[in-house]
Amino acid sequence: MILSDRDIAWYIEKGLLRIDPLLDDTIRENGVDLRLDSEFCRFNPDAPELDTRKPFNREIYYNCVKVDPEQGFTVKPYEHVLATTMETVCLPDDLVGLVNVRSTFARYGIFVPPTVIDAGFCGQITIEIIGSAYPVRLYPGQRFLHVVFVRTTSPVANPYHGKYQGQRGVTPPRPD
């Protein structure tokens with residue numbers, strides 16, 4: 001079942017769902033909007049082959065910057081970048097979050113691959129952004145993502161306790 005604005009407010013009021021900071025315009029009709037933070041990471045086109053079984057070195061594969069909210073960050077045509085949300089989101093054991101880009105940004109040609117926030121997860125959300133056919137400037141603080149919460153039929157037996165639990169900022173891959 002997809003939660004309505006009233007359901008989301010109830011979960012937050014009871015302390016079961018945490019979104020921090022929670023602004024007045026965060027809760028929408030059937031989900032929440034999350035804002036872009038100021039950190040963006042570009043993939044380094046000159047990086048060597050990435051071996052997914054070896055430790056990942058962020059400095060080799062990404063060029064990360066903190067951007068001024070007034071200057072923004074330009075996503076180049078068809079470029080893939082990583083970003084993160086300003087908000088920390090903590091889900092209880094009976095909610096799953098389905099993340100998508102807000103339709104305004106989709107209409108600009110921006111794409112975000114489907115992302116799931118697992119039941120029991122707590123942290124900022126790292127997302128991949130794929131650029132449009134033309135450069136698009138994004139700004140920290142913009143409501144960029146929409147998260148729809150789905151209630152599971154029963155609380156999950158094994159809430160998320162994985163390698164990304166508690167992540168802050170843009171979090172690179174952590175090989176198994």
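Cβ from N, Cα, C; glycine included.
A 10 Å cutoff on Cβ-Cβ distances gives D118 (dCTP binding site) a total of 17 other Cβ atoms nearby, all chains included. In the three-state DSSP scheme, D118 (dCTP binding site) is classed as coil. Taken from Swiss-Prot, the feature dCTP binding site covers R102, S103, T104, F105, A106, R107, D118, Y160, Q167.
Here Swiss-Prot flags E128 as active site, proton donor/acceptor. Neighbours of E128 (active site, proton donor/acceptor), defined as other CB atoms within 10 A of its CB across all chains, total 14. In the three-state DSSP reading, E128 (active site, proton donor/acceptor) counts as strand.
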Diameter of the dCTP binding set by C-alpha atoms, the set being R102, S103, T104, F105, A106, R107, D118, Y160, Q167, in angstrom: 33
DSSP-derived structure type at R102 (dCTP binding site), helix or strand or else coil: coil
Protein Cβ atoms within 10 Å of T104 (dCTP binding site), excluding its own: 11
Least buried by Cβ count (within 10 Å) of the binding-site residues R102, A106, Q167: A106
Alpha-carbon spacing, Q167 (dCTP binding site) to E128 (active site, proton donor/acceptor), which is rounded to whole Å: 15
